[in-house]
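Per TrEMBL, the features are:
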DOMAIN    1-137  domain 'Peptidase M12A'
BINDING   45, 49, 55  Zn(2+) binding site
ACT_SITE  46  active site
C-alpha cells in the first residue's frame, strides 16, 4: 500500500519526492519544538515533497529569476540545486515564487556564509520562509 510514513528517527527534515508505490518516508526531527522541523512551514514543505513537488529553485525556468552561486555551496550538497526540465517539474502556470515555502533561503548549504542563491529580480518576498504556504504554493 502507498502511504506517507511520518517519523522522527535520526536528525534533520526530509521527504521522498512523489508517489513511489509503497511507504514514503517523511522525517521530522522531533526536537527542539517550534524550531527546525517542527515549524508549520517546514512540515508543509516536507508534505508538499510527498505530493511530488520539488524545490522552487530547481524549476526549469529558475535561471530567469535566480543565480546559483556554485562556488559557495558545501561540497556534496549540489544536488539540492539541480535544475529539472518541464518533463519533471510543473509550475501549473504560476510565475516563479521567491516566497514559496518550497524555496530555499539565499544562504542554504553555504560553505562560507555567503549567498548560494541570488535573486535576479527585485522582490520583497523572503526566500526560504517557513511561515507557511505562499499564495502561489
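The backbone N, Cα and C atoms fix where each Cβ goes, and this holds for glycine too.
TrEMBL: automatically predicted annotations, no manual curation.
These figures come from a predicted structure and were not determined experimentally.
Structure with TrEMBL features highlighted.
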| residue | record | Cβ neighbours (10 Å) |
| --- | --- | --- |
| 45 | Zn(2+) binding site | 24 |
| 46 | active site | 21 |
| 49 | Zn(2+) binding site | 21 |
| 55 | Zn(2+) binding site | 21 |
From the centroid of the CB atoms of 45, 49, 55, the recorded Zn(2+) site, which same-chain residues not already listed sit within 8 A by their CB, in sequence order? 15, 17, 46, 48, 53, 54, 101, 102
Cα-Cα distance linking residue 46 (active site) and residue 55 (Zn(2+) binding site), given in Å to the nearest integer: 10
Integer mean pLDDT for the domain 'Peptidase M12A' (1-137): 91
Please count the residues of the domain 'Peptidase M12A' (1-137) that DSSP assigns to helix (H, G, I), strand (E, B) and coil. 24 helix, 22 strand, 91 coil
